[in-house]
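Structure first, then comments.
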Amino acid sequence: MGCAALLWGTILLACSCGPGPPRAGAAPLLAATYVLDDANGLGREFDGIGAVSGGGATSRLLVNYPEPYRSQILDYLFKPNFGASLHILKVEIGGDAQSTDGTEPSHMHYENDENYFRGYEWWLMKEAKKRNPNIKLIGLPWAFPGWIGKGENWPYDYPDITAYYIISWILGAKQYHDLDIDYVGIWNERAFSSKYIKVLRHYLDRLGLWNIGIIAADGDWNISKEMLVDPYLNDAIEVVGAHYPGTKTVQNAILTGKKLWSSEDYSTFNDDVGAGCWARILNQNYVNGNMTSTIAWNLVASYYEELPFGRCGLMTAQEPWSGHYKVESPIWITAHTTQFTQPGWSYLQVDGHLEGGGSFVALTDGLGNLTIIIETMSHNHSKCIRPPLPNFNVMPQRATFYLRGSFYMVETLQVWHSRLDFESGNSSLFQQLHPLQVWEGRFSLDLNVDEVYTLTTLKTGRKCGCPEPPPPQPFPSNYNDDFNIRNPPFSEAPNFADQTGVFEYFVNASDPGDHVFTLRQVVVQRPITWVSDADQTISVIGNFKWVNMTVTCDIYIEKPRDGGVFIAGRVDNGGIYVRHSKGVFFWVFADGTYRVTGDLAGKQILMKGLAGVRDNAWHTLTLNIQGNSASGLLNGYPLWDNVTVSSPGNGWAALGTRSFEFAQFDNFHVEAC
């Protein structure tokens, strides 16, 4: 071949006579060399890349997707050598409380209640395992049912009870779904209790669950300080997990000798800047912080976009009614690592910082395979939602790599490339380029800004694509649900997004007539909360842009004397802000009164009076909102009208209860525009 340099795309193939000259007319590139060698041992073991479903209700709408679109979405997330090809799935252990974008139901609403078919996380874990039997599964609670705290908003006063509750979930996963949980956490982003962690480890071991590792504390690194002075705590914990570490760790965490993970990260809008954030931290969490796993919140943005942190998933699937979804750029950024590594591989001992800015990691399976991932993401194009990003500069550069040790004999590397183009918007994602020939253990690349490269000995990578999904459509403006399903595939009715409380399908066997199958609010004690849940329960549905609407629903108050229910329109808030929801709320109470309020808290009273409603009887409520005026009907007859509503101007439809109480709903109907 001689000593001429060949340039294919941005890849420079260098012979033994040295790198070729810079391209004609181009400014000289900053040039630096890097050595990849395994002769003196390897670095830390790689534990995989994953994502979180939950924390909370982030996969809520996914389960309602029709086939084949639902399976296509799952393939993009979990199927090896297809899309994101995730190594880890972390799910919320539902606690009946608001945990960011909604509530997820507990397997034990009450002390004497066990049901391992509530919610959709069981289903999701099985679908992930179906596609990748080797995927690791993690469970983590954000909240707990109220009975665990015996009246206190705290899960650690009775550590035996809390451990029993968590282990019941683990055992239920195996008994009812044949799912082996690999890791379990403590309490998401809240205080840790050393005593509880040791009690949990004790009970896991006593039941023969030695293989289940405890991750702690899913907040900052502070637990590592305590681990260094408490050998029993240190023995109980397998992984020190921190959230949003900004690619940095602390010395105490390193001194524990434990695996270090970014056990929740990313949380960023899934456009190209979000992809840049993800590309940067996937490398730099190890380069800067020795973290061997990074787990994204969240897996798939499958919740109403106007809820908090809308579209902060690796991909978007928030329209089950149309079947539309979008494979966003973070999916393909993930593939740069996940399709060419596996848990159990090892990082090479190398600094990983590029001289011109950016980073690289190199991993091996110990059997001769080598994967190198390079990112040159610039500051403004890789900001994550948290923490703040210090200033840095990235410039075009030439990187020359020398392969030593067992890699010296590598002759060819497969090349996958992404370029995030923030000027034209024409990004190129996960494209396979010509293979790169390595000459006497040496090759060079010209790296531009905002690029990702994977160079690998593996030939298994693929960029797969399903047929285009249907085009987007707004939520149906005429929507009905009579809840008449004898054996529902999921415990929750489609498209209802619980924000406080839990609304489940219910078989009302004592009803002689039209209300045998209903939707029931089932949480009757305030949970141990993660955020400040509302004092009222509420589930929202529909199109946040709705202005004018008529909502009709049959309601059944079960709680005598001070029970109550509502239907609502133009509800403007949910998730962690649910306490502050405003809208038009039509309430009826067991004492025979009614109220119309402008807020969920019931403090802004627009109208009130007598309705004659009683508990343990079915009634039909109708709320009509047109422009700046609202009216209400009870059992088809006008009860109030001409109430002025100035704000909010739009929002969801909703239903709910006055407190944590049993109540039923049936024949829900909304017409809106």
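Glycine too: its Cβ is placed from the backbone N, Cα and C atoms.
Sequence-distant neighbours of GLU189 (active site, proton donor/acceptor) (same chain, six or more apart, CB under 8 Å from its CB) are ASP218, GLY219, HIS243, GLU264, TRP530, listed in sequence order. Look at TrEMBL and you will find GLU189 tagged as active site, proton donor/acceptor.
The Cβ of GLU264 (active site, nucleophile) has 27 neighbouring Cβ atoms from other residues within 10 Å, across all protein chains displayed. The active site, nucleophile annotation in TrEMBL covers GLU264.
Annotation source TrEMBL lists domain 'Glycosyl hydrolase family 59 catalytic' at 46-339.
Per-residue confidence over the domain 'Glycosyl hydrolase family 59 central' (347-461) averages 97 (mean pLDDT, predicted model). The domain 'Glycosyl hydrolase family 59 central' annotation in TrEMBL covers 347-461.
Annotation comment: TrEMBL describes 498-672 as domain 'Glycosyl hydrolase family 59 C-terminal lectin'.
TrEMBL lists 1-17 with the feature signal peptide.
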